[in-house]
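Student: Here it is, the structure, as structure tokens.
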């Protein structure tokens, strides 16, 4: 019987079968060969190459088992790290995704008999956090990458520095309040009883009709009054001058206190303006891929950030092809639009505010923007670095 042609249904079916997963009982782990049926597997077991592999394995079976176990563990953990990160996930979900690859290492060739035994072993070795629930075993990858540990240390250091700055500001405010209380004497009002020398005397009120009449009456009275009355008037005038001088000094003290408060507010605003973080990814911004590890297809191509994971990783969608990729922020850079386009501030005191690009300065690699959202709407900000802003999708 002749061999079937390339486009016959049988040939097409054979090629489809060869690409997909076959039954596990017809797979030879030593030779890493998958047979399609029982007859093919029987022929393979009788072949010379298979017999040679069995002889090699019989000389040192533990070495082969350790090799397969190590490969299985490394591939499983790599899939868990790349696909799920540090999220808590059911172990069966990870295993099903792992065995979907045609060239995977089968568990029956390793030192673990079941997936539960392998999960418990991961927990004992400290590679993952494992816990048992009524729905089964859940695992969580423990990231011990030096870069991740360095980021965590930097975040802890920054939090500690922020707490120190807050304590310094609180002490400064307390010192200002203490100085203000020491320089100001507290005035306690005193209440006295109304005393009348003659109970039969009537109480009268003199209401002047206007400034002219009062000034005229004063001038006429001053002409007829004696020197003692003039002394009394002079003393009352001096008392008024003293009161006015005291009120002016109090107003000056208030101005000084207000200036100190303004100084504190300026310090806080400057601190917020200069506050920076080592992460900048935000959803719905346009970024450019700068890594060459993905090939020329994605190098220097633009994409839209769809999701941010753990502050440093983003799921991006390519603008031209629509492909979705999961990349670290070190493999991305911001995109500066043309003047007049909308942007998003990614770092500094204006983080999270949308704005409009007004102009760019190519010599200093900075830009001038106008804030469009938030309480600072309408403010014009100069000297914003290129890496602190990006074009909105």
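Just so it is clear, glycine is given a Cβ too, placed from its N, Cα and C backbone atoms.
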Student: If Swiss-Prot is the reference, give me the range from 250-277, 278-305, 306-333, 334-361 marked as coiled coil.
Tutor: 250-277
Student: Based on the annotations in Swiss-Prot, which residue of 42, 135, 209 is described as N6-methyllysine?
Tutor: 135
Student: Write down the single range among 79-112, 147-180 that appears in Swiss-Prot as coiled coil.
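Tutor: Spelled out, Swiss-Prot records coiled coil over residues 147-180, not the other listed ranges.
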Student: Tell me which of 5-27, 28-50 corresponds to the zinc finger entry in Swiss-Prot.
Tutor: 28-50
